[in-house]
Amino acid sequence: MSQGGAAAREAAEPQDRGWAWMVLLAAVLLQGLTLGFPSCIGVFFTDLQHDFQASNSETSWFPSIMVAVLHGGGPLCSILVKRFGCRFAVMLGGLLSGVGMVSSSFCQSISQLYLTAGLITGLGLCFSFQAGVTVLGYYFVRWRTLANAMASTGVSLGFTLWPLLSQYLLDEMGWRNTFLIFGGILLNCCVCGAIMRPIQLASESPLESPKPAEEPGRGAEGAQLSNGTSPHPELQQQTRRTACFQMLQKYLAFDIFCQNKGYQIYTIGVTWMMMGFALPHVYLVPYAIHNGVEDRKAALLISVIGLINIFIRPFTGLLSGHRVFTGRRIYLFSLAVLLCGLSNFICVISAEFSVLIIYCVILSIAMSGIGALTFQVLMDVVEMDRFSSALGLFTILESITLLIGPPLTGLLVDITSDFHYVFYNSSFFLISAALFMGLSFCALEKKNKLKEASKAPLDNPSRYQYNEMPTEPQSETQSPPVVMYITSI
């Protein structure tokens with residue numbers, strides 16, 4: 001009895017131990033392959049611009065589309081995860097990203113590159129990355145903060161290795177053959193997905209494919225059809241509107257955005273931040289080359305950012321997981337965004353290689369805080385059973401600003417022939433976003449304290465205030481917080 005009960009508990013609650021650490025290892029590699037991959041695009045910027053005779057604005061659309069789709073494909077990824085599970089989404093993403101880069105090696109125009117490397121590869125990276133982030137939230141409860149920070153070190157590894165590998169392959173065999181090799185490397189996302197096997201958290205739920213929920217009005221419609229009568233056109237139209245609204249609410253979390261003030265502020269702040277966050281990643285290498293820095297040294301700048309991130313991100317994750325910062329992680333995040341914005345002024349002062357190294361060190365420290373806390377803060381402000389939907393809306397909104405930020409800045413550089421505007425723009429958006437999030441959450445916290453002091457009744461406090469989701473393991477008498485997405489093995 002005791003052995004059977006222990007086995008049942010181990011099968012039902014595999015969190016924070018056992019295979020969860022293998023999933024974490026796969027997530028580290030996965031984030032290096034996906035979220036770290038766009039960091040190498042700046043290495044090819046000058047060659048692509050020369051081969052296709054494109055302007056700065058035209059060339060910057062290629063990485064912008066890739067990064068925007070990577071972040072904006074969240075709702076589609078959410079549908080795949082809910083329907084087929086995280087493993088399927090990760091493996092499908094690996095296949096798409098590999099095919100996209102192989103196709104890119106045969107492109108004859110910059111517009112074709114928008115479709116292959118931008119759209120197809122970006123969508124594949126999105127599926128693999130976001131499904132990998134989601135599965136960590138279910139495999140880890142007590143050590144969720146540490147798991148997210150450790151997984152984000154994969155991004156640092158990607159930032160370190162992708163530019164160096166890209167520059168070496170570019171010098172040896174050109175960008176077309178390099179893209180062909182990249183397609184094969186990205187197929188390793190499928191291997192990472194195979195490790196993320198489906199788990200069962202609720203002992204009463206059998207391991208079977210979930211049945212789709214019955215759509216509103218389907219019963220009445222079916223009854224009318226069985227009686228030989230066709231449904232009224234107005235009823236059909238109302239049913240479609242209701243189904244469409246429920247679909248948007250399920251996968252885009254508009255209800256959470258309207259009701260949860262913390263999620264609302266955080267989403268708006270990060271969306272605005274992304275207008276400037278990606279600019280140094282796209283233009284730092286071209287800026288250095290434009291000011292006389294050698295190609296290999298310019299590529300090394302991105303690698304320096306990634307190398308420092310490897311050591312700083314786990315420390316940031318451990319620090320933010322301390323009980324002192326419970327309910328205050330958003331302020332750490334805002335401080336990191338503020339430091340990231342202020343660091344850009346260093347590039348304006350000088351473009352010497354030694355000065356750019358100092359800039360990369362400071363920028364990487366700030367990026368470590370942003371990378372380690374972005375999804376942890378999101379998990380803090382929404383419940384885990386709605387995290388996938390909240391992540392979908394969160395990423396599709398930020399993808400809009402990620403898409404338009406670099407091309408607009410590239411157009412400004414084309415007009416003025418001054419790369420300094422890249423860093424001016426980046427600083428403006430980052431600093432203003434940091435102040436907005438920090439001050440808004442501070443005001444929201446004071447408002448909640450006044451409500452508590454006056455003992456005003458709230459129907460659902462989580463809708464109106466920023467609350468930390470519990471990260472301690474639940475007692476055995478309590479049911480698990482959520483049921484993991486189930487797929488066939």
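Placed from the backbone N, Cα and C atoms, the Cβ positions cover glycine too.
Here TrEMBL flags 20-450 as domain 'Major facilitator superfamily (MFS) profile'. If you look up TrEMBL, you'll see 21-45, 61-81, 88-106, 112-139, 146-165, 177-196, 265-286, 298-318, 330-350, 356-378, 390-409, 421-444 marked as transmembrane segment. The region 'Disordered' annotation in TrEMBL covers 206-234, 459-480. According to TrEMBL, the compositional bias 'Polar residues' annotation covers 224-234.
The transmembrane segment (265-286) is not in contact with the transmembrane segment (177-196), judged by fewer than 3 CB-CB distances under 8 Å for residue pairs 6 or more apart in sequence. Of the candidate ranges 21-45, 177-196, 390-409, 421-444, 390-409 contributes the most Cβ pairs within a distance under 8 Å of the transmembrane segment (61-81). Counting only same-chain residues 6+ beyond the ends of the transmembrane segment (88-106), those with a CB under 8 A from a CB of the stretch are 30, 34, 37, 77, 80-81, 113, 116-117, 119-132, 176-180, 182-184, 186-194, 196, 487. Residues 262, 266, 269, 273, 276-277, 280, 284, 287, 319-320, 356, 358-359, 362-363, 365-370, 373-374, 377, 380, 420, 423-424, 426-431, 433-435, 437-438, 441-442, 466 of the same chain lie 6+ residues outside the transmembrane segment (330-350) yet bring a C-beta within less than 8 angstroms of a C-beta in it. Long-range contacts of the transmembrane segment (356-378) within the same chain, counting only residues at least 6 positions beyond its ends with a Cβ under 8 Å from a Cβ of the stretch, are 133, 144-145, 148-149, 152, 155-156, 263, 266, 270, 277, 280, 284, 288, 293, 301-302, 304-309, 312-313, 315-317, 320, 329-330, 332-333, 335-337, 339-340, 343-344, 346-347, 387, 390-391, 394. The stretch in 21-45, 146-165, 177-196, 390-409 that contributes the largest number of Cβ pairs under 8 Å to the transmembrane segment (298-318) is 146-165. Against the transmembrane segment (112-139), the recorded stretches 21-45, 146-165, 177-196, 390-409 differ in Cβ pairs under 8 Å, and the greatest number is found for 21-45.
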